[in-house]
Amino acid sequence: MLLPGRARQPPTPQPVQHPGLRRQVEPPGQLLRLFYCTVLVCSKEISALTDFSGYLTKLLQNHTTYACDGDYLNLQCPRHSTISVQSAFYGQDYQMCSSQKPASQREDSLTCVAATTFQKVLDECQNQRACHLLVNSRVFGPDLCPGSSKYLLVSFKCQPNELKNKTVCEDQELKLHCHESKFLNIYSATYGRRTQERDICSSKAERLPPFDCLSYSALQVLSRRCYGKQRCKIIVNNHHFGSPCLPGVKKYLTVTYACVPKNILTAIDPAIANLKPSLKQKDGEYGINFDPSGSKVLRKDGILVSNSLAAFAYIRAHPERAALLFVSSVCIGLALTLCALVIRESCAKDFRDLQLGREQLVPGSDKVEEDSEDEEEEEDPSESDFPGELSGFCRTSYPIYSSIEAAELAERIERREQIIQEIWMNSGLDTSLPRNMGQFY
C-alpha cells in the first residue's frame, strides 16, 4: 500500500552489455596471462638446461688446483660424482707461491720433489666427493729442501657414481666400444694387483703380492690410445703398462670409462672435431667412423644430447625442477589446445551471428525465391498442341518483359488484327477468322 505523497521511484536502468563485447575483451587478458606463464616456464627451462650443461662440463673437464705450504687444498665435485685423481706434485716453485727466486736455490728446485705425493693424495681424496688436505712437508714424508717455499699441485676429474667398469686379465685383449655419435672418455685405469683382493683371473691358488702393486700410469696409456674414439682394442701386458708387481704375480687391468656424446665432448675438447675418419688400423684398433657407407639411416646429432647416466643423475639431484618442467610442458600443451578450441568456437559463433543478421535484413528473400520456383513450375506446358507449343516458343524467345514493353506489344498485336480484319472485309470474304490464325499472325 502506497502512502500519499510518496511515489515509488522507478529502478535505475542498468547498462546492457553486449555478450559479444565481453567475449572480445576477455581473451586478450587470458592470452596475456598465458604469455606471462610461458615466459616464466621458458626461463625455468633455460636455467635448468644451463645448470645441466655446467654439470656435464664439470664431469668431463680436467680440474687443476694448487695450494701453498700452510694452506688447505680443496677438491670438490658435484652431486652423484666422486674425485678421480689424475696426477699430483709437491715440490718447489717460486713462481706459484713466492715472487722472488734466490739464485742459490735454482738447482735445488729440480730435486725438491716428494715421491709419495700421488699415493698420499689418492689415499686422502680418491673416490670422495669433497677433500680438504693440509699442505705441509710432514704430510708427504721427509722434507728434501727445508726452509724453501713449496706447493701442492693436483689434477683430477669428477667421475659419475654410475660408470662402465671393465676388468681384463693379463695377456688378454681389452675391447671398449661406444654407439654411434658417442666417444670414449677414460676416467680411471689401474694395472696391477691388490694385496687382499681375490684372484679374478685364475681359479688356481697363486702367489699374492706382499703389498699393493698398482701402476696408475695405465690411465695415461689408455687416454692416449682410446680417448675420443668409438672403438679401442689393446693387449693387456707388461709391454704396454709396465710391471709394477713381483715376478709370478697375476695382474689385471681395471678401467672406468663412459661414452660421451660427440657435441659435448667437442665443446670440452675442440681437437676431437679435427679427427679424421679411418678404417681398421694395423695393430687391431678401430678408428672413428663418422659416416659409414653401409648405413642408410639418417644420422642427426641433437643440439641437446646428453649421457643417460648424467641425465638420470641430474633428475635425481633436482626432482622438483624435473617435475615442474614436466607439468609445465603438459600445461602449455593443454593451454594451446584450449586456445585453439576457444578461437574456433568464437569464430563459428560470430559467423552464425553474421549470417543471422543478413537473413534479418532481407526477411522475404526465401519466400520470394520459393514463389519464383513455383511460377517456373507452373509455366511448364501441360499440353502438346500447336498453339501451346507456339506460345511456349514465344515465351522462350521473349523471356523477360517490362510493363511498358508488354503494353506496346499488346497494342501492336491489336493493330495487326484490325488490319487483317479490314483486308478480309474488303476482299468480300468471311469476316470471322479462326482464332488460331489470328494468334499465328
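In case you wondered, yes, glycine gets a Cβ from its N, Cα and C as well.
Among the features that Swiss-Prot reports, domain 'SUEL-type lectin 1' is placed at 67-159.
What Swiss-Prot lists as N-linked glycosylation site is N62 (among others). In three-state terms derived from DSSP, N62 (N-linked glycosylation site) belongs to neither a helical nor a strand segment and is classed as coil. Sequence-distant neighbours of N62 (N-linked glycosylation site) (same chain, 6+ apart, CB under 8 A from its CB) are Q86, S155, F156, K157.
DSSP assigns N165 (N-linked glycosylation site) to a strand. What Swiss-Prot records for N165 (among others) is N-linked glycosylation site.
Swiss-Prot lists 49-322 with the feature topological domain 'Extracellular'.
The transmembrane segment annotation in Swiss-Prot covers 323-343 and rests on sequence analysis.
On its own chain, N165 (N-linked glycosylation site) has T254, V255, T256 as residues at least 6 apart in sequence with a Cβ closer than 8 Å to its own Cβ.
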